[in-house]
Amino acid sequence: MKNLSFLINRRKENTSDSNVYPGKAKSHEPSWIEMDDQTKKDGLDIVHVEFSPDTRAPSDSNKVITEIFDATEDAKEADESERGMPLATALNTYPKAAAWSLLVSTTLIMEGYDTAILGAFYALPIFQRKFGSQNDKTGEWEISASWQIGLTLCYMAGEIVGLQLTGPSVDLVGNRYTLIIALFFLAAFTFILYFCNSLGMIAVGQALCGMPWGCFQCLTVSYASEICPLALRYYLTTYSNLCWLFGQLFAAGIMKNSQKKYADSELGYKLPFALQWILPVPLALGIFFAPESPWWLVKKGRFDEARRSLRRTLSGKGPEKEILVTLEVDKIKVTIDKEKRLTSKEGSYSDCFEDKINRRRTRITCLCWAGQATCGSILIGYSTYFYEKAGVSTEMSFTFSIIQYCLGICATFLSWWASKYFGRYDLYAFGLAFQTIVFFIIGGLGCSSTHGSKMGSGSLLMAVAFFYNLGIAPVVFCLVSEMPSSRLRTKTIILARNTYNVVSIICSVLILYQLNSKKWNWGAKSGFFWGVLCFCTLIWAVVDLPETAGKTFVEINELFKLGVSARKFKSTKVDPFVVKNPPKDVSHNDPKGDIEASIAEE
């Protein structure tokens with residue numbers, strides 16, 4: 001916090017000086033300034049400045065130049081302070097920001113819950129008999145593979161639509177109101193699921209509920225990354241993964257209860273659907289009182305509201321707090337202005353592919369999130385069904401699922417500790433490497449039909465869940481918030497999540513064919529397939545995924561602009577606020593009567 005203390009003191013001195021000499025000019029300052037382009041003046045893009053020595057009163061333009069350099073210097077100091085801020089200091093300074101971020105991310109509990117109960121329903125006896133068909137060979141009731149695929153496609157298609165609607169909605173009304181609208185529709189669409197009497201009604205309900213889920217997927221990550229400092233970014237973005245796991249654990253517990261008490265009652269599947277009404281109302285009320293993202297407000301030119309929003313995320317009071325707010329707004333403005341100079345247009349989906357820099361950032365973000373599906377994690381979502389098809393009893397299958405989600409929660413907490421010693425890329429790559437090994441072992445056990453091998457394959461799937469939630473699962477939520485530029489963050493995250501959804505659809509279809517007894521009936525041998533796909537994902541990460549740990553958004557922007565290779569991101573040092581030949585005090589006997597000054601665009 002040394003930089004921050006120095007900056008606060010400097011700001012106080014500057015304020016004091018302005019009070020001592022109100023309306024007066026220093027004798028060495030030039031009389032007036034003529035600029036080439038008035039629009040560039042506001043964007044820190046000063047390419048030519050001329051000083052005339054014939055008078056001594058400073059003009060308004062001269063004040064603008066001073067303000068520009070002060071703002072750039074303040075932004076640099078604020079950026080350095082954020083990068084060097086310890087975790088304890090960040091929590092003490094931004095406790096409200098952390099609390100608001102946790103509240104918004106809690107919306108993901110509902111998506112994790114519902115997607116988990118859908119997979120568990122396929123192993124629930126009452127659900128199988130009411131909506132399934134009987135296998136002529138075994139006499140067992142089962143939901144057909146085509147319907148399992150159809151239901152999965154429905155909610156994922158709904159998420160894709162919801163994600164695409166999220167972009168224009170955020171542009172229009174902001175993050176908070178978009179989330180509140182999504183929560184309202186989720187509560188309304190749940191009625192369709194509760195009163196379902198056919199798989200067709202469930203399909204419609206899943207598709208409609210998928211739209212607000214898509215909104216939650218995008219905004220929880222972007223909101224957490226924009227409202228919190230660098231020291232808290234990893235913890236609060238990866239909390240999204242914890243919310244998924246809490247939802248899945250909640251679902252596993254409810255489904256185990258349904259399997260025990262309501263195995264032959266419609267409450268076995270109606271009660272899990274009804275419990276989705278618990279969270280929308282309290283979450284909507286909490287989000288209504290939450291501050292809007294200051295980055296969104298600055299992009300809209302609403303600077304006073306951005307300052308009010310930042311005040312609500314900071315602790316303390318007095319002039320120090322106001323200085324921190326001003327510094328943060330300056331940093332956000334400088335960052336956004338630098339990005340805007342790359343294009344004069346408002347950020348759109350086409351801008352994500354407009355030039356080489358943005359194409360690279362979009363590609364990495366999309367493939368990074370798609371890696372959550374290609375690493376075999378979709379199999380974890382069908383764990384209860386997998387255990388049953390691997391030969392484990394129905395009751396033990398539900399017990400295994402609960403243990404699996406508990407291990408996932410522990411692994412995510414462990415990743416918070418590991419993030420102090422390992423980077424984002426390290427956790428992503430190590431997790432993939434361990435999963436690859438375990439999947440091949442599961443496939444090998446699937447070649448045996450003994451009771452021990454069946455229990456072993458089920459136990460190892462829990463190991464996959466542990467390594468997944470230690471590495472790739474939590475770190476992806478942080479990476480996808482850091483890779484895009486601030487101007488295109490929401491839209492890039494939407495594209496990335498939709499890429500994940502499309503890949504997940506393909507992976508889900510493959511898994512259902514692999515596990516269904518009427519189709520390929522691979523059982524645990526499917527581990528071979530996912531081991532190969534997981535290894536391919538690891539190769540991509542080694543080649544293309546940069547290390548962003550310890551880098552602020554402005555530094556990441558500069559590294560991408562310079563075209564630094566993925567494996568050199570960590571070691572490359574940049575100064576995003578470099579100023580070339582800044583204007584100095586001008587003597588009145590300047591022989592030419594003019595001085596040129598240049599400021600680096602980026």
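Quick reminder: no glycine exception, Cβ is built from N, Cα and C everywhere.
Summarising the annotation, Swiss-Prot assigns compositional bias 'Basic and acidic residues' to 582-595.
Here Swiss-Prot flags 580-602 as region 'Disordered'.
Residues 122, 198-199, 202, 266, 269, 516-518 of the same chain lie 6 or more positions beyond the ends of the topological domain 'Extracellular' (128-142) yet place their CB under 8 Å from a CB of it. Per Swiss-Prot, the feature topological domain 'Extracellular' maps to 128-142 (among others); the stated evidence is similarity to another entry.
Per Swiss-Prot, topological domain 'Extracellular' is recorded for 256-270 (among others), and the stated evidence type is similarity to another entry. Here the topological domain 'Extracellular' (256-270) has Cβ contacts under 8 Å with residues 121, 123-127, 130, 194, 394-395, 398-399, 401-402 of the same chain, all six or more residues outside its ends.
Packing against the topological domain 'Extracellular' (385-397) from elsewhere in the chain are residues 119-120, 122-123, 125, 259-260, 379, 446, 449, 451, 454-455, 457-458, 461, 515-517, 521, 523-524: each is 6 or more residues past its ends and has a CB under 8 Å from a CB in it. Look at Swiss-Prot and you will find 385-397 (among others) tagged as topological domain 'Extracellular'.
What Swiss-Prot records for 448-459 (among others) is topological domain 'Extracellular', and it gives similarity to another entry as the kind of evidence. Residues 386-387, 390-392, 396-397, 400, 442, 524, 527 of the same chain lie 6+ residues outside the topological domain 'Extracellular' (448-459) yet bring a C-beta within less than 8 angstroms of a C-beta in it.
The feature topological domain 'Extracellular' is assigned by Swiss-Prot to 514-525 (among others), with similarity to another entry given as support. Within the topological domain 'Extracellular' (514-525), the DSSP-based counts of helix, strand and coil residues read 5 helix, 0 strand, 7 coil.
Counting only same-chain residues 6+ beyond the ends of the transmembrane segment (107-127), those with a CB under 8 A from a CB of the stretch are 141-143, 148, 151-152, 155, 179, 182-183, 186, 206, 209, 213, 216-217, 220, 240, 243-248, 250-252, 254-255, 258-259, 262-266, 268-269, 272-273, 275-276, 279-280, 283, 381-385, 388, 394, 397-398, 401. Taken from Swiss-Prot, the feature transmembrane segment covers 107-127 (among others).
Packing against the transmembrane segment (143-163) from elsewhere in the chain are residues 114-115, 118, 121-122, 127-128, 131-133, 182, 199, 202-204, 206-215, 217-218, 494, 497-498, 501-502, 504-505, 508-509, 512-513, 516, 518-519: each is 6 or more residues past its ends and has a CB under 8 Å from a CB in it. Here Swiss-Prot flags 143-163 (among others) as transmembrane segment, drawing on sequence analysis.
Taken from Swiss-Prot, the feature transmembrane segment covers 179-199 (among others).
The transmembrane segment annotation in Swiss-Prot covers 201-221 (among others).
Sequence-distant contacts of the transmembrane segment (235-255), counting only residues of its own chain at least 6 positions beyond either end whose CB sits under 8 Å from a CB of the stretch, comprise 98, 101-102, 105-117, 120-121, 124, 220-221, 224-225, 228, 271-272, 275, 381, 384, 398, 401-402, 404-406, 408-409, 412-413, 415-416, 419, 469, 473-478, 481. Among the features that Swiss-Prot reports, transmembrane segment is placed at 235-255 (among others).
Under 8 Å from some Cβ of the transmembrane segment (271-291) lie the Cβ atoms of residues 100, 103-104, 106-107, 109-110, 113-114, 117, 176, 179-180, 183-184, 186-187, 190, 193-194, 196, 227, 251, 254-255, 258, 262, 308-310, 312-313, all in the same chain and six or more residues away from its ends. Swiss-Prot lists 271-291 (among others) with the feature transmembrane segment.
Annotated transmembrane segment per Swiss-Prot: 364-384 (among others), in sequence order.
Annotated transmembrane segment per Swiss-Prot: 398-418 (among others), in sequence order, evidence recorded as sequence analysis.
The transmembrane segment annotation in Swiss-Prot covers 427-447 (among others).
Same-chain residues lying 6+ beyond the ends of the transmembrane segment (179-199) with a Cβ under 8 Å from its Cβ atoms: 104, 107, 110, 131, 143, 147, 150-151, 162, 169, 173, 205-206, 208-209, 211-213, 215-216, 219, 270, 273-274, 276-277, 280-281, 283-284, 287-288. In terms of DSSP helix, strand and coil, the topological domain 'Extracellular' (385-397) has 9 helix, 0 strand, 4 coil. Sorting the topological domain 'Extracellular' (128-142) by DSSP state (H, G, I as helix; E, B as strand; all else coil) yields 4 helix, 4 strand, 7 coil.
Per-stretch counts of Cβ pairs under 8 Å to the transmembrane segment (364-384) identify 493-513 as the leading one among 201-221, 427-447, 493-513, 526-546.
Nonlocal intrachain contacts for the transmembrane segment (493-513), taken as residues 6+ away from its ends with a CB within less than 8 angstroms of a stretch CB, comprise 145, 148-149, 152-153, 156, 159-160, 163-164, 166-167, 214, 217-218, 221-222, 349, 352, 362, 365-370, 372-374, 378-379, 382, 480-481, 484, 519-520, 526, 529. Residues 135, 138, 142, 144-145, 148, 382, 385-386, 389-391, 442-443, 445-447, 453-454, 457 of the same chain lie 6+ residues outside the topological domain 'Extracellular' (514-525) yet bring a C-beta within less than 8 angstroms of a C-beta in it.
Counting residues 6+ beyond its ends, the transmembrane segment (526-546) has Cβ neighbours under 8 Å at 363-364, 367-368, 371, 374-376, 379, 425, 428-429, 432-433, 435-437, 439-446, 457, 479, 483, 510-511, 514-515, 559, 564, 566, 569-570 in the same chain.
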